[in-house]
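What TrEMBL records for A:CYS45, A:ASP47, A:HIS101, A:CYS104 is Zn(2+) binding site.
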Amino acid sequence: MYLQETHDKVFENNKSWATEQVAKDPDFFKKLAAGQNPEYLWIGCSDSRIPAEQITGLQPGDAFVHRNIANLVCNTDLNVMSVIEYAVKHLKVKHIVVCGHYGCGGVKAAMTPKDLGLMNPWLRNIRDVYRLHEKELDAIADEEARYERLVELNVYEQCRNVVKTAALQQSYAENGFPVIHGWVFNFRDGLLKDLNVDFETILKDIQKIYNLTA
Amino acid sequence: MSPENTFHYALSSNNAWAGYKAHQNPHFFPKLAGGQAPEILWIGCSDSRCPETTILGMQPGDVFVHRNIANIVSPTDINTTAVIEYAVAHLKVKHIVLCGHSACGGAAGALSDGRIGGVLDTWLLPLKTVRYNHAEELDAITDEKERVIRIAQLNVEAGIKVLMNNPTIREAIAERGLEVHGVFFDIGCGRIKELGCGTAHKSSSTISGDHVVRGKHGQLVFGQDGEAEIAAAQ
């Protein structure tokens, strides 16, 4: 049966992968089992085309990963807030990467004038990003280029949302890390683009109103 | 490694990876840009030692992913719900795989009596419930590591129940035979095993424990219509 075959293939692949790792390094899994000490927290999109570890060459153990629709960081979402808190306060990651991607289905769906039921509350956050940057986005005549810019601005705003958390602000004041990066993945060439988010300036701006260090 | 070094490493490594992939198959990225048609939705832990696509031996385009603390599936969590909705109703994945793992920090946290602080205690509440519901069984396990493994497995079973009650998933099971699987990743050996919960009540995998399939590592192959599929390397 077709469904059974695709399912079995996954288990076959996993066994080959595990066997290969042991062939390369007999202690590979023993070391992994001893604990994790990742330097990265990766907040990315659920999109199947962006497996964080493969596109960055990071190994198991290197990056703590949260992936949701359109890489959003919402302050009332206990799911992503738990991830940030655990990564910053307990694992003490040095970098937090928010990684978006051009051609994001979530961003496109959010800008479609349509009732998407259960997805409405989640996708609303992207419409809010548009509203924050309405003038700039409206000025872009080409639709494709406008979407690409919205993807970048969405990453930028989610970086700001990470900076608004108590965990980030307190850890940075105390340790000088983690620092925030905004990246965008491009399917056309497989390359990551660094948006060069000015972390220090954002932090200063944000703390005027959102200071949670006390 | 200083923070700056790791950061540059990841970016330069991406550069090398993109070059390698494009060299291997010049159509790889243009086809990827054409869209996604994953067959699997993976719900797993954020733990850095559980990179789903890597441990499944799969490729970009194969697995739609949600990863959170302790792979908890909470019925009212809008983050997970939006992922499920998109994957099942729009992408029409064929399998949902909920994966727990050994040495899970969240599972260990739920077994401790102290307060972790911040929002984590609230997030981990479903795991605490699992702990209290299975107190007798868990308390009887003397080895601490084994107890963490057992509660993580019970957590997968609890998550599967939530998934099986999700209305979108129920419809997809009835209408087109969507499969829901509970599995467990043993970090100590790198292997995944089925827990026998979900749409298949007992283990349906035909692969036995020591069976090794050579040369079957997943490769992304593109058909005429641009659809991506996994094919075995010859």
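Counting starts with 1 at the first residue shown.
Cβ atoms are placed via backbone N, Cα and C, with glycine included.
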In sequence order, which residues at least six apart in the same chain have a CB under 8 Å from the CB of A:HIS101 (Zn(2+) binding site)? A:CYS45, A:ASP47, A:ARG49, A:ILE50, A:VAL151, A:VAL184, A:PHE185, A:ASN186, A:PHE187
Cβ contacts within 10 Å for A:CYS45 (Zn(2+) binding site), all chains included, total 26
Interface-proximal binding-site residues, chain B, C-beta separation under 8 A, candidates A:CYS45, A:HIS101, A:CYS104: none
When you average the Cβ positions of A:CYS45, A:ASP47, A:HIS101, A:CYS104 for the Zn(2+) site, which other residues in that chain have a Cβ within 8 Å of that mean position? A:GLY44, A:SER46, A:ARG49, A:ILE50, A:ALA70, A:ASN71, A:GLY100, A:GLY103, A:GLY105, A:GLY106, A:VAL107, A:VAL151, A:PHE185
